[in-house]
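Student: My questions all concern the structure below.
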Amino acid sequence: MSRPRRRGRDINGVLLLDKPQGMSSNDALQKVKRIYNANRAGHTGALDPLATGMLPICFGEATKFSQYLLDSDKRYRVIARLGQRTDTSDADGQIVEERPVTFSAEQLAAALDTFRGDIEQIPSMYSALKYQGKKLYEYARQGIEVPREARPITIYELLFIRHEGNELELEIHCSKGTYIRTIIDDLGEKLGCGAHVIYLRRLAVSKYPVERMVTLEHLRELVEQAEQQDIPAAELLDPLLMPMDSPASDYPVVNLPLTSSVYFKNGNPVRTSGAPLEGLVRVTEGENGKFIGMGEIDDEGRVAPRRLVVEYPA
């Protein structure tokens, strides 16, 4: 006879996990999901196993709004090994070419400048983008290269940190869809020596505060602490969560009176004062400003529901 399945928790919110090196984003997600005993969770914007840093984990209804984090800008610290090119553009791959490092400081500065601003980038074959329904890295592992179109990205800031020996350290603030491994590989080719990533840390996602990041070790320590104090682990874990609407924090807020919000929550567009002329909005209700979903201003100036929060019974 099978054991009864433990009932998970319907929790909502976003945890800013500091992903450890050597672990896939999905493995990290599953570990956090078990620690929180959550029924539903997903991550936004996968990090390579080699990479560390901010990985937002969305619980429950927050998963509905995770797309807004995928669309947000990000900041990274990266260290490149010069003189070696690998098949994956990072240290997890095989070295495919070695060349001497002979560029000058002036040549480096000029090369870096070509990556600032609006540029186009051809994604790496070792990425999760799909071609004919199959992920690119699945083709790459079979030794197959498929055509990829260049995609527009924006490098808002590219800071030179240091160049010592065959190591180059940079900090990069970039738009969604930017592959740091590809930037380093392309930079290595511009410098004529080849390069690959040996260290990568995501410092920030959108406007999330870096001081709210937590490690798996800290989460486990809180669970142990709760057991010692004979209290539910949720009492120590849940205060770490950011609000479920935080992925959409860049959008303006429209507050509806309770008399209007009931229609909005039933799927109907409503009129209200103080709404912007167009675009997406975060919708709250009542005096306490409870978040109830995302809306969009329609052609008649009404707030039309786009994504609604489902309220589960306690």
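Cβ from N, Cα, C; glycine included.
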Student: For the substrate site that Swiss-Prot assigns to His43, Tyr76, Tyr179, which of Leu158, Leu159, Leu200 is also named?
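Tutor: According to Swiss-Prot, the candidate sharing the substrate site with His43, Tyr76, Tyr179 is Leu200.
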Student: If you measure Tyr179 (substrate binding site) to Asp48 (active site, nucleophile) at Cα, how many Å is it?
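Tutor: Tyr179 (substrate binding site) and Asp48 (active site, nucleophile) have their Cα atoms 10 Å apart.
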Student: Let me know the largest Cα to Cα distance in Å among the substrate-binding residues His43, Tyr76, Tyr179, Leu200, as an integer.
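Tutor: So the maximum pairwise Cα distance among the substrate binders is 18 Å.
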